[in-house]
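Heads up: the structure comes next, in structure tokens.
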Amino acid sequence: MSAALSDFLKQSNLLQVTDGGPLVAGTDGVEGTRVDLVGEVEHAIIQVQETELLAEVCNTVFDVMKQNGEVLVFSTDLTTAHRKLRIAGFRVTELAADWPARGVKSVNFGDKVTLDLGNATVEEDLIDEDGLLQEEDYEKPTGDQLKAGGCGPDDPNKKKRACKNCNCGLAEQEEAEKMGKIAEASAAKSSCGNCALGDAFRCATCPYLGQPPFKPGETVKLSSVDDF
């Protein structure tokens, strides 16, 4: 054991953590100290071989160690020991071959910064919703505006028909109009007596125009037929 390492082991307030295994030669006579307060440890040695336990011990030692405190880890796998020290927060320094893994607690805290939030108040961020509306937004829509736009291109000379996969509402509108006409025709009374005979015998104002012949008193029902 080098003189420098021997001097380290003679430090006062030395924290020693072992897993109960055989101690490294030269450390068996070291008396460990009991930690009562966080941040009071200046020097520590760790002799733990199990990887998961070593990680937990390194984290604990980091928490109780003073700023610029120094810890030595005696391990058969220095690469793993260095990694566990770094993960715990220690700054690892490479030493001579006869030295164990060495870590120094070096944590820098930045200065406090005061945030300038200004004098803005919550009321200044609120927007009057009514102020976003225009005059035309208050106008009540007409019946034509509420009707479905229809399928296909606009053609003033042709009546719009709902397409097969209509999703604009025109198909429902046509169905409602059709059912209204059927209900109106069912409630109508014949004035000429020829309504049940068919279009060839019906007058120009007959409510049954376009419907098939039927028996007098029979309710006229049209089957839903797809034109496409």
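Here the Cβ of each residue, glycine as well, is placed from N, Cα and C on the backbone.
Check Swiss-Prot against the ranges 23-26, 203-206 and you find motif 'Cx2C motif 2' recorded for 203-206.
Within the same chain, residues 201-203, 206-208 sit at least 6 positions outside the motif 'Cx2C motif 1' (192-195) and bring their C-beta atoms closer than 8 Å to a C-beta of that stretch.
For C206 ([4Fe-4S] cluster binding site) paired with C166 ([2Fe-2S] cluster binding site), the C-alpha to C-alpha distance reads 31 Å.
With every protein chain in view, the residue among the binding-site residues C163, C168, C192, C195 whose Cβ has the most Cβ partners within 10 Å turns out to be C195.
C163 ([2Fe-2S] cluster binding site) and C195 ([4Fe-4S] cluster binding site) have their C-alpha atoms 32 Å apart, to the nearest angstrom. Most Cβ neighbours within 10 Å among the binding-site residues C166, C203: this distinction goes to C166.
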